[in-house]
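Student: Could you have a look at this structure, given as structure tokens, before my questions?
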Amino acid sequence: MTTKFHGNENVACEAHEPDFLQCVEGFFDQAAAVCGVKKSTLSAIRGIDAVLSVTFPIERENGETEIVRGYRAQHSRHKLPVKGGIRYAKDVDMHEVEALASLMTYKCAVVDVPFGGAKGGVAINPREYTVGELERITRRFALELCQKNFLGPGVDVPAPDVNTGGREMTWIMDTYRQLNPTDINAPGCITGKPINQGGVRGRTEATGLGVYYSTREFLKFEQVQKVTGLTGDIEGKTVSLQGFGNVSFYAAKFFIANGAKVVAVSDSKFCAYNKDGLDIEKLGKYKAEHGSLKGYPDAEITEGSTKALEVECDILVPSALERQIGLKNVHNIKAKIINEGANGPITPAAHEILVQKGVVIVPDLLANAGGVCVSYFEWLKNVSHVRFGRMNRKWEEQGKERLLALVEEQAGRKLSESERQQVIHGAEEHELVYSGLEDTMIKACEETRITAEEFGDIDYRKAAIANAIRKIASCLEGTGVMFASRG
Ligand code: NAD
């Protein structure tokens, strides 16, 4: 068994706990045992469809040559394109991207995004390279993906993940475009692009927003209120987040905007705690200026990335890396709800203990699906070549104007300009994206609740995976791929 540590030591997991891929497969097996899908279909779903492992040389600015390793795993091609982020991390390996690719398949199914699952990684610490070197590495990796048919708007569509963002996505798209100059759908070969490169408004904050929506929806469930003793709204709840990157920053912002108090966040080295609530924008600016949370004046700063997991709070959002809550620290967790902003932050043994204790876990494949959901919207925008709202916004406003005129005539009163604007305002792109995401998350949470009730417990991970398996099975069997009539 391989046990991989992020950083010098893994402070969360015992040595005998499974690695990330084994964790994902273990969770799959638990759900598979109760979902009522036949064995042959289950094996077809569980296996990884295709993998790519490449090495390539890049020239450093000091003139030396370095060999870089990159990976891509396509877990399930039952729907195309496959979809999934690319992360840059020194210790990324094939097992890790296979685990993440598997999760991505189930995630897409849970939120009804019609894609298969994939994931990629490049084994570098980006902080050790100049921007020019990073560009060369990214373009070279994109070239490898193109040559092996692991990149393209109808084939495989990556997105940002840990340590990657709009800049890397643009380099990848540009490389694809240079190799495929006649493909008018080229911008759809990648998502998470800046707006001026064909991105969609709302993608940057989508995963954090989805984390907020899914927590809000779970709090409304009677069963969740019963086991946690929490009231049904976000207002006044205390929140702690591990990680201070894309997912946690935006999740924190949405929690605060809706009346919650963010009492702690941590990055890879330090934890900032303030029982009266952190000013997340101010903390973000401080980190950008100083490169660290160390020395921030308006919070208690302690060393250690896992501190934020253990503080007193209602809602915990692990949003850094996998395997951060394991047998070594599970008994220190005080939160009543855990929303998995990160992929795979809890090991199976720790998960079992938490569920037995009555802690409600909103599982990764549901909790952080906001990103892939809005990536799907971005892809739709790219392949339809039009901004959302462009064709109908004015038409809707004119229709509402006409209706208002009739109502005003009947009521004998004119609306004020601000009342009028509220009624007639046609949706902008980001409003449509937010609304599509909210609708998707509400539906996926509700489906998960119903499936959990079917099984008679509060293990929402099992419920979400079972729900995903059933949807993928019906797709495979429906196409005849799985020869549905044979047992
Ligand atoms: P990011 O690179 O923006 O942020 C990662 C954060 O984790 C940083 O604050 C970093 O300091 C912290 N971190 C790094 N190493 C750590 C360690 N050893 N211990 C504790 N903290 C550490 O990445 P992100 O995009 O916010 O992704 C975070 C998690 O969310 C990952 O698990 C990713 O797979 C998942 N996720 C991201 C998206 C997305 O749209 N970005 C979507 C779904 C899931």
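Quick reminder: no glycine exception, Cβ is built from N, Cα and C everywhere.
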Student: Of K83, K394, K400, which one shares the substrate site with K107, S375 in TrEMBL?
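Tutor: My reading of TrEMBL gives K83 as the candidate in that site.
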Student: Cα of K107 (substrate binding site) to Cα of K119 (active site, proton donor): how many Å, rounded?
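Tutor: Rounded to a whole number, the Cα-Cα distance is 12 Å.
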Student: In whole Å, how far is S375 (substrate binding site) from N246 (NAD(+) binding site) when you measure between their Cα atoms?
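Tutor: Cα to Cα, N246 (NAD(+) binding site) and S375 (substrate binding site) are separated by 15 Å.
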Student: How far is it from S375 (substrate binding site) to T207 (NAD(+) binding site), counting Cα to Cα, in Å?
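Tutor: About 10 Å separate the Cα atoms of these two residues.
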Student: Which number gives the other C-beta atoms within 10 angstroms of the C-beta of K119 (active site, proton donor), all protein chains shown included?
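Tutor: By my count, 30.
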Student: If one looks at the chain holding D161 (site 'Important for catalysis'), which residues at least 6 apart in sequence have a CB under 8 angstroms from its CB?
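Tutor: Once residues fewer than 6 apart are set aside, D161 (site 'Important for catalysis') is near G84, G85, I86, R87, L100, K119, G121.
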